[in-house]
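Note sheet for the following structure.
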């Protein structure tokens with residue numbers, strides 16, 4: 001598997017479209033927005049998995065204790081259930097490196 005360092009440059013505008021079509025039904029990014037089926041992603045970068053206040057995570061997510069940043073998100077978004085066995089996230093992943101890079105570029109700007 002290629003790493004984030006080898007990924008194409010991400011486009012946040014394209015990433016926003018990906019978020020709206022594949023992620024927004026379960027996640028929010030705005031500060032203070034509530035949780036949906038998945039946790040609010042505001043403040044995602046630098047946060048440990050399974051630690052967002054007010055959201056009930058699976059044991060797998062809590063125990064993985066990964067710190068979310070470009071490399072970990074890039075690997076996770078390829079196949080969430082393989083990266084964190086037992087995760088509640090039902091999304092099958094983004095197989096295309098460009099889509100993952102675009103989504104990460106958007107998340108870096110929208111969750112800060």
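Keep in mind that glycine also has a Cβ here, set from the backbone N, Cα and C atoms.
As given in Swiss-Prot:
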MOD_RES   2  N-acetylalanine
BINDING   23, 26, 27, 89  heme c binding site
MOD_RES   81  N6,N6,N6-trimethyllysine
MOD_RES   95  N6,N6,N6-trimethyllysine
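Counting neighbouring Cβ atoms within 10 Å of each of the recorded positions (2, 23, 26), the lowest count belongs to 2. Using CA atoms as reference points, the recorded positions 23, 26, 27, 89, 95 were checked against residue 81 (N6,N6,N6-trimethyllysine), and the closest is 89. With the fewest other Cβ atoms inside 10 Å of its Cβ, the least crowded of the recorded positions 27, 81, 95 in this structure is 95. A distance of 26 Å separates the Cα atom of residue 27 (heme c binding site) from that of residue 2 (N-acetylalanine). The Cβ of residue 89 (heme c binding site) lies under 8 Å from the Cβ of 26, 38, 80, 81, each of which sits 6+ residues away along the same chain. Within 8 A of the CB centroid of the heme c site residues 23, 26, 27, 89, the other residues of that chain are 22, 24, 25, 36, 37, 38, 41, 91.
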